[in-house]
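Chemist: Quick one: structure below, then a few questions.
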Amino acid sequence: MSATVVDAVNAAPLSGSKEMSLEEPKKMTREDWRKKKELEEQRKLGNAPAEVDEEGKDINPHIPQYISSVPWYIDPSKRPTLKHQRPQPEKQKQFSSSGEWYKRGVKENSIITKYRKGACENCGAMTHKKKDCFERPRRVGAKFTGTNIAPDEHVQPQLMFDYDGKRDRWNGYNPEEHMKIVEEYAKVDLAKRTLKAQKLQEELASGKLVEQANSPKHQWGEEEPNSQMEKDHNSEDEDEDKYADDIDMPGQNFDSKRRITVRNLRIREDIAKYLRNLDPNSAYYDPKTRAMRENPYANAGKNPDEVSYAGDNFVRYTGDTISMAQTQLFAWEAYDKGSEVHLQADPTKLELLYKSFKVKKEDFKEQQKESILEKYGGQEHLDAPPAELLLAQTEDYVEYSRHGTVIKGQERAVACSKYEEDVKIHNHTHIWGSYWKEGRWGYKCCHSFFKYSYCTGEAGKEIVNSEECIINEITGEESVKKPQTLMELHQEKLKEEKKKKKKKKKKHRKSSSDSDDEEKKHEKLKKALNAEEARLLHVKETMQIDERKRPYNSMYETREPTEEEMEAYRMKRQRPDDPMASFLGQ
C-alpha cells in the first residue's frame, strides 16, 4: 500500500483574525511505513493497545482505513477518531420530550385593560393580527380605545414524538387525577364504617349483643351461620368470594364455603377409531387429521345402521350439505337463463331468489293439479285409503279372466268425451261431430261443416253433392290437354335446335379463352424468368466488387410482386439442401 499524502489545505478563518496553522506534510520513509504496518498487525492481534479518540474511546483496529480515516475537509489535524461516522447532532430530528403534552382547559389570566404592542388592532389579542381576526370589525379598534380587549386564544403546541413517544399509553396522564377516585372510595368506606358503628351501638343499646354473648352456642364456640351479626362482620369476605362459583375453571369446581377444589373426573369409554378394526386392509386412518373416512366394518359384513361408528363420510351428507348443493345447481341453471346470481359472490340474493322460486313452483303445481281435477275430475281416486287397508279384505266381489279383463263385479267406466253430449242447437237433429269427411267434422243431418250453422236438412245435402260434382268436372277438363297442330310442333322443334346451337357456341368460346389465357401466362412467366436471371447476374457482379467501391443503390420496390415473378423466384432460387440441385443447370 502506498503512503497517504495530504494535499495542501487553505487555512480556514477561526474566531475572527485567528488562523489555524498546519504543519507541512512529511513524506514517510520506508522504515516508518514498516513500523506503522507492524503496529497495526499487533493491534489486530491484541498485543498492542488500541488507538484512542478525543473522547477516550478505543477504536476497533479491524475497521478498514477508508472508514477510520478522517476527510481533510472535516478535521485537517488527522487525529484518530470515528466522530465523522457517527450521527451529526445538527442533522438529528428534535423530538418532544415525554413530559410535554397538549394543554387541557383554558388558562385563567387576569383581565387585560391596556393595549399591548404587537397585538391585534381590532380586538387586542396577542395571538393574531388584524387581518386574521375573527371578531366583527369594530368601528374604533381596541388599539385606539384601549377598552374591551379580547383574551388571547388557547394555542396548542406543535408536538412531534418519536417512535416510543407515539406509543406511550400513559403520555399526558396526570397521576393527581387518580387521587380524586381514591378520595371518593375513601369517603364511601368511611360512610360504611360509620353505618356499621351506628348499628353496633343500636344493638348494644337494645341488648341483642348481650343475649348473643350469653347464649350456649356462643359459649361453646359455635356460631350461627345465618345470623345477621355474622353477615355484617364478614361483609368484606363475602365481597371477595361473591363471584367465585361463577368463574369455575374447566374440569374443576371451587366451593367458596369450604374453600376446596373438587375435580370433575370423566370416565372415557369410547374406542379409538384405529382400534375398531385391526385389519391393515380395512379403512385408512389418517393420523394427521385423525380422520377415518370409510366404514371400518365394511368387510366384516355388519349393517352400517347397527354399528356405533360407520366412518366420517356421513358428515358430508349431513346438515346443509344437500341444500347447498341444490342451491348451487339452481344458481347454475339461473345463470344459463340470464340471471346474474352467484353462490359465493352474492349468497343472500341467491337464497332469497331460490326460496321465492320454490314457493312459486309449489303454487304452480297446486294450480295445475286443481285445474286438471276441475276439468277431468277424479278427486276420489287421489283420496287413497290408509296403507294398512290397501292389501286388506273388502266386500267388493270382482271376477277376472285369464287375460285380466273383468268378467263379473266392478264394471269398467266408459271414457267420457271432451264435447258436451246430446246438445243439439240451431234445429239440428244430430250433434256436432256426427259426420266426418276429408278430415273435417260436421253435422250428419245436413252435412254442414260449420259448427254454429243452421240446419238445412236434405236440401243442404243435395247442394253439397251438386257442388262436389261441378268441382270434379272442372278439374277433369283442366287435366285433359288440348291437341297441338303441326305448325306448333314445328316451331317447338326449331326452338330446341336454337338452344342446342347456343350451348355449343358457349362451350367453344370457353375452350378458346382458356387456351389464350394459358399462352399469356406462359409468356408472362418467360419474361419473369428472364428478369430474375438478369437480377441474379447483377447481384453476382455487385458482390465481386470491393465493398468500398460498391454503388449505394436501394433494391427495395414498393409494388407487390406478381404471381409470375414469385414463380420465377421459386424456380431460380438456390437449394443447397436439395441433393438434386447440382443437376438443375445441366
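Just so it is clear, glycine is given a Cβ too, placed from its N, Cα and C backbone atoms.
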Chemist: If you look at how Swiss-Prot annotates this chain, which of 118-135, 190-207, 316-333, 388-405 comes out as zinc finger?
Modeler: 118-135
Chemist: Looking at S96, S227, S512, which residue has the phosphoserine feature per Swiss-Prot?
Modeler: S227
Chemist: Quick check on the record annotations: which of K288, K349, K444 is tagged SUMO2 cross-link by Swiss-Prot?
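Modeler: In Swiss-Prot, K349 carries the SUMO2 cross-link label; others show none in the record.
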Chemist: Along the motif 'Bipartite nuclear localization signal' (129-169), what average pLDDT does this model show?
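Modeler: Residues in the motif 'Bipartite nuclear localization signal' (129-169) carry a mean pLDDT of 91 in this prediction.
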Chemist: At the Cα level, what's the spacing in Å between K408 (SUMO2 cross-link) and K349 (SUMO2 cross-link), rounded?
Modeler: 62
Chemist: Could you tell me what the rest of the chain brings near the compositional bias 'Basic and acidic residues' (529-550), counting residues at least six beyond its ends with Cβ under 8 Å?
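Modeler: Beyond its ends, the compositional bias 'Basic and acidic residues' (529-550) has Cβ neighbours at 565, 568-569, 571-572.
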Chemist: Report the member of K349, K408 (the recorded sites) whose C-beta atom has the most other C-beta atoms within 10 angstroms.
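Modeler: Comparing the recorded sites K349, K408, the most crowded Cβ belongs to K349.
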Chemist: Work out the three-state DSSP category of K408 (SUMO2 cross-link).
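Modeler: The residue in question, K408 (SUMO2 cross-link), is strand (DSSP, three-state).
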